[in-house]
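Annotated in Swiss-Prot:
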type	residues	note
COILED	138-169	coiled coil
COMPBIAS	274-306	compositional bias 'Basic residues'
CROSSLNK	K94	SUMO2 cross-link
CROSSLNK	K179	SUMO2 cross-link
CROSSLNK	K218	SUMO2 cross-link
MOD_RES	M1	N-acetylmethionine
MOD_RES	T3	phosphothreonine
MOD_RES	S7	phosphoserine
MOD_RES	S9	phosphoserine
MOD_RES	S11	phosphoserine
MOD_RES	S13	phosphoserine
MOD_RES	S16	phosphoserine
MOD_RES	S264	phosphoserine
MOD_RES	S270	phosphoserine
REGION	1-20	region 'Disordered'
REGION	77-99	region 'Disordered'
REGION	213-306	region 'Disordered'
Amino acid sequence: MDTPPLSDSESESDESLVTDRELQDAFSRGLLKPGLNVVLEGPKKAVNDVNGLKQCLAEFKRDLEWVERLDVTLGPVPEIGGSEAPAPQNKDQKAVDPEDDFQREMSFYRQAQAAVLAVLPRLHQLKVPTKRPTDYFAEMAKSDLQMQKIRQKLQTKQAAMERSEKAKQLRALRKYGKKVQTEVLQKRQQEKAHMMNAIKKYQKGFSDKLDFLEGDQKPLAQRKKAGAKGQQMRKGPSAKRRYKNQKFGFGGKKKGSKWNTRESYDDVSSFRAKTAHGRGLKRPGKKGSNKRPGKRTREKMKNRTH
């Protein structure tokens with residue numbers, strides 16, 4: 001006869017009943033404390049089963065000769081220049097600082113050296129060869145495929161470093177190029193401003209030459225210094241002022257130099273009669289040249305033809 005499956009509520013009630021029973025048993029044994037609803041497990045006790053350990057050791061222990069085992073237990077070799085017998089060490093005090101990498105590696109090296117010095121004579125007595133034959137092929141610990149991968153990885157890393165270095169150099173060159181370009185543009189602007197100032201000075205008569213047209217290749221600072229020095233040394237009116245004085249006179253009061261005096265009134269040496277009566281102003285022309293007849297004459301001539 002098949003029993004119907006239990007519902008979720010019935011299964012939860014059975015689990016709760018089992019849990020309650022366990023809690024009651026634990027409480028009766030004194031494993032529960034006030035405020036706890038979980039059984040606390042006590043700390044595990046360490047068992048030192050000496051007989052069991054010896055039995056396990058006897059199962060895999062083999063009495064082999066030393067040449068098959070090649071085990072030695074030695075201390076480090078004495079340091080160079082020190083006493084041959086190793087100095088007694090205190091067990092409580094460590095001879096080598098484990099945090100010092102150099103001392104730790106040197107202790108490994110000295111201990112291996114002591115083992116080699118102690119084992120080689122025994123191997124020679126047992127006639128065990130300690131040197132490899134000339135045709136011995138020693139296979140590497142790592143395969144060629146793995147070494148090839150390591151080589152490719154190193155090459156990739158080196159190529160990445162070279163690309164990074166080239167990128168740094170290109171950035172530095174671009175930065176330097178921008179700096180040089182900016183300096184060139186500033187120099188051109190300064191030269192242009194100097195040229196415009198020279199043109200303005202030439203137009204106003206402050207200068208009688210244009211340096212940039214004469215191919216003056218001196219630096220701008222020297223030209224400015226020379227121009228300022230020339231202006232300080234130059235005395236007298238400018239070229240523009242001299243031209244205007246020549247054309248229009250000096251202007252202002254002439255101190256009576258052009259007033260009529262007795263001497264100037266009596267001086268008739270420069271008098272010309274033809275010029276005074278207007279005869280000298282006429283231009284000589286061809287005598288008997290044909291002139292256009294007047295309006296009435298032209299009308300009479302026209303009526304005659306009709």
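Note: Cβ is positioned from N, Cα and C throughout, glycine not excepted.
A map of Swiss-Prot features onto the structure.
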residue : record           : contacts (Cβ under 8 Å, 6+ apart)
K179    : SUMO2 cross-link : none
S264    : phosphoserine    : none
S270    : phosphoserine    : none
Three-class DSSP secondary structure - K179 (SUMO2 cross-link): helix
